Amino acid sequence: MSSDAALILEAANFAAEKHKQQRRKDPEKTPYINHPLGVARILSHEGGITDTAVLQAALLHDTVEDTNTTFEEIELHFGQDVRNIVEEVTDDKTLPKMERKRLQMEHAPHCSQKAKLVKLADKLYNLRDLKRCTPEGWSEQRVQEYFQWASEVVKGLRGTNSILEGKLDHMFMDQGIAV
């Protein structure tokens with residue numbers, strides 16, 4: 001096994017362990033690990049990304065935000081570069097939800113190229129998931145508001161990966177959102 005493959009599998013295993021008790025909010029209660037795996041797959045299979053640190057960060061992007069993982073732990077196991085990317089894409093859960101959403105829009109243009117890639121793939125995965133199956137308790141209006149907010153975040157990520165941006169644009173247009 002190549003060392004890059006081993007590093008990516010280590011990140012996948014770490015994320016699976018950290019997210020093992022978590023489920024997505026869809027009616028099927030999909031295992032949460034499907035999300036970071038899907039984000040990494042979008043980057044590699046659709047975005048053409050081969051950068052090991054970006055793929056590791058995609059797998060780990062929700063570990064600090066949604067589990068007891070620390071940034072120090074990410075750095076210890078995966079290095080400074082992966083830690084930096086994960087740190088850039090992690091919301092501060094001590095802040096109210098609307099403030100976190102506002103900060104995502106505000107910070108998007110200032111993220112590193114690597115963090116922007118993870119953010120693009122994360123948004124694409126989440127929007128596809130919303131189209132596939134509405135989370136329990138979500139109205140059509142809430143889905144539309146999420147699409148609108150995501151389109152504002154993506155505006156700040158433009159110029160990062162034309163393939164992923166094009167796929168997002170099609171999703172926004174299908175929802176009647178101008179790009």
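Placed from the backbone N, Cα and C atoms, the Cβ positions cover glycine too.
Just so it is clear, the model here is predicted, and its values are computed rather than measured.
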Practice task
Given that Swiss-Prot annotates HIS35, HIS61, ASP62 as Mn(2+)-binding, name the residue from ASP4, ASP92, ASP122 that shares the site.
Solution key: ASP122
Fill in the blank from the handout: Rounded Cα distance in angstrom between HIS35 (Mn(2+) binding site) and GLU65 (active site, nucleophile) is 14
Completion exercise
Within the same chain, the residues at least 6 apart in sequence whose Cβ is under 8 angstroms from that of ASP122 (Mn(2+) binding site) are VAL39, ALA58, HIS61, VAL89
Practice task
Take the domain 'HD' (32-127) and average the pLDDT across it for me.
Solution key: 98
